[in-house]
């Protein structure tokens, strides 16, 4: 076997036909360059594809060797710079005019440049002095560009889109917009759709700002739970009433609404009952009864209400010997009733002070009462007190109000007999002090409206002593059962003689 030394492809002479082919293939592989794109035999070589491209100057950065041309606005925007003297047809370029002159068999001449002539570029500046492109260093490169710039920035927008009402100063811009108007939609993250890109960009800026502000406020609320509670519970008094950590009688009174719901919440906490389920109709009936002169309805319905004699708004000097005086039905009486109704609602806000102070001593919450039960109890108490035909407790004199204003809150339970005896004591003192002098007239009060009060009977025909009727202490035993009451005495013989016709 003959071997070819140094040849890795050498084989035996029996395969001599293939040796020549393999040698020739190996020689060709060394001469043909590597066609693998991943391999780079010369890593220092740089691709010249980008350098072969001619870079275009950015707008506003002209060639410093270019000729700067300044045109007036009239010349710049003129549509017919070159006019034919035969047909008055205008052309924007002189070359077009020369070709047109050839049609009239006129001499024409086209500009021809010699090979030695150096072609210099021309740049155009904006005719507006305040424009940034008025400077030669910011000149625009061609005549068409300076015309469009002047029209867009300083010209009138003559073309208007019928779909979106957007106006354009350049007709080509208007045509390009008309092709795509309404075909594309820009959707914001908040779900709003826009057909115009500029409107979408403006909205997106505000929307992102609002989103960031909302995220910042939510982070502050999460870091400070007090702020979040304050922001989320405006006017929510149910949370305050149902909060077991707050003391009894605590009311959030940051905002007072004049509607009936605010009155229900105030009366509910003032009485010490849970009157959240009270119907508005029942409360309106109570307010209406109070406005017609039934002023003893509220003090007698619950002991948690403040004593009206202790508030100086209701201090009316009572020097008349006729204890059956009531508010008249005139316009003055209506104004007084309205003011008393408003003051009743206003003073009910002070009731938690009395209820909380008394409940510190007695931790016995009152049972809830419905509106119907409350009205029935008020009517029962009013009918019991109507036997005395006297004024309400807040018509007491200055001596009585001064003592009650500094006294402790009224007791929890007040029977009709105790109230009746207090009123009789007051009437006795009035009769004793003002027996020999005439009563001065009381403004806004008359005796002709006795029938207007459903809780009082008509006793206008009786004198003050006879109107006391059977409520006098004939036996003089009141001090035995009630030693804390003073000023009670039995009847004198001459006083008993006045009641003889009643028997």
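Positions of Cβ are set from backbone N, Cα and C atoms, glycine also.
Note on Swiss-Prot: of 124-154, 217-247, the range annotated with the feature zinc finger is 124-154. Summarised by DSSP class, the composition of the region 'SHR-binding' (196-208) is 12 helix, 0 strand, 1 coil.
Within the chain, the region 'SHR-binding' (196-208) has long-range Cβ neighbours (under 8 A, six or more residues past its boundaries) at 164, 166, 184, 186, 188-190. Residue 207 (Zn(2+) 2 binding site) is 44 Å away from residue 72 (phosphoserine) when you measure Cα to Cα. DSSP assigns residue 188 (Zn(2+) 2 binding site) to coil in the three-state reduction, placing it in neither a helix nor a strand.
Of the chain residues outside the Zn(2+) 2 site list 188, 190, 203, 207, 189, 191, 192, 200, 204, 206, 208 have their Cβ within 8 Å of the site's Cβ mean position.
Mean predicted confidence for the region 'SHR-binding' (196-208): the pLDDT average there is 85.
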